[in-house]
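**Student:** Handing you this structure, nothing more for now.
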Amino acid sequence: LTSFRVLTGVLDDCFCDIESIDVFNNFKIFPLMQKLIDRDFFRYYRVNLKRPCPFWPDDSHCAIKDCQVEPCPESKIPVGIKSGNYNKYSQAANTIRDIKECEQAHELGAINSTLSNQSKEAFEDWAHHDDAQDHFCGLDDETSPDAEYVDLRLNPERYTGYKGPSAWRVWNSIYEENCFKPRSVYRPLNPLAPSRGEGFYKWLEGLCLEKRVFYRLISGLHSSINIHLCAENLLDEGWGKPIWGPNVHEFRRRFGSAETKGEGTRWLKNLYFLYLIELRALSKVAPYFERAFINLYTGNSQEDSITKELLLLIFNETKAFPMHFDESSMFAGHKMEAKRLKEEFRLHFKNISRIMDCVGCSKCRLWGTLQTQGLGTALKILFSEKEIKNLPENSPSKGFQLTRQEIVALLNAFGRMLQDSICYLQTSRVKCLLVKQERQNATF
């Protein structure tokens, strides 16, 4: 992947250059983020992987073993977790032996929803901190019997072999129906579609800033996910124990200049643009978490204190970044037109979050949902600047709240972009791999 070091220069629609992002990410944020997302608060994500696709017949379930959800037998899942009623939780419902059996049974990477007893008890308290409100992305119903807590460290994002018409239909729907495509543009916006020439992107230059930003964010998200799959590709199944690692051939197929007719560099730059947006959101939301009564609550006071201290340290670094994207330039025109465009922007993105329910691979759906919700939370933050500025110091605010699910998605999505996206494109890739290896050793 190091052959892509040619990514340089200033990004479109902002005043930041790629080199500055590389240095900032490598030496300021990356090591801190890896420590943060390993903390208990950020390890567990609640998701419903059984919601039906709302847009077309749900006929695309992946039959590949690494796509499948393999939870513990129902009899071994605590009643409180299954029902959402934490008062009915019984420790006898799950023993340490059950947990070990469940983890060992699915070491190939299938979804593992096994949780420690301490983790289950913490969820009772987390649930009380999640206030209902109108979210930028659709959130899973906490009481749904199909919603599960997933340990993200036991379920890393990897290339499972899920591809073909089903995967194409998902991304084609996202680009065709939600990226403000002009009627005069006939080629699908999906970057992996056959190219019809370099002039295709001229339509993008004619869009207003807000619509250009939307397209570039979706393109950056798509690039980020593709890089994750290239970085954790199935290289060899060996003697029943698969070997995962970077697949340079697959990376070139998706981003190489010859293979993409020169468009790969554009998609990778959109990844950096996505980075800037999420980085800006972290810097803007800092006041929400800096209040003394805000606690990343797990039930372990020492754990909670370390986690919040680390999060505030990351916020301090993000605020010091000198080349932030200026979101004030968006929605700055006529008040009524700006309001209409902002709502259209929000609804388009919410629709994309629903399309994630059409992903046939459960592992892919898990990470696609998390990263989409993470970006949706970042946009919610940028659209709530006034509400954040007016937050009361010693009490919750009805004007702006973040649920635990949104917080976990926001930080994990940003962490994923650092770990296997920006990291693999940097000249200091060796350092990134060493940090990643240290994290894996600590995990297993």
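Every residue, even glycine, has its Cβ placed from backbone N, Cα and C.
Small disclaimer: the values here were computed from a predicted structure and weren't measured.
Positions annotated as active site, nucleophile by TrEMBL: C361. The annotation active site is assigned in TrEMBL to C364. Sequence annotations record features per position, and here TrEMBL assigns FAD binding site to R158, T160, W171, S219, H222, R254. Summarising the annotation, TrEMBL assigns disulfide bond to C62-C67, C102-C137, C361-C364.
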**Student:** Measuring Cα to Cα across R158, T160, W171, S219, H222, R254, which the record gives as the FAD binders, how far apart are the two most distant ones in Å?
**Tutor:** 21
**Student:** Neighbour count, 10 Å Cβ-Cβ cut-off, for H222 (FAD binding site): what number do you get?
**Tutor:** 21
**Student:** Which ones are near C361 (active site, nucleophile): of the binding-site residues T160, W171, S219, H222, R254, which have a Cα within 10 Å?
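**Tutor:** Those near C361 (active site, nucleophile) - Cα within 10 Å - are T160, in sequence order.
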**Student:** Work out how many Å separate C364 (active site) and R254 (FAD binding site) at their Cα atoms, rounded off.
**Tutor:** 18
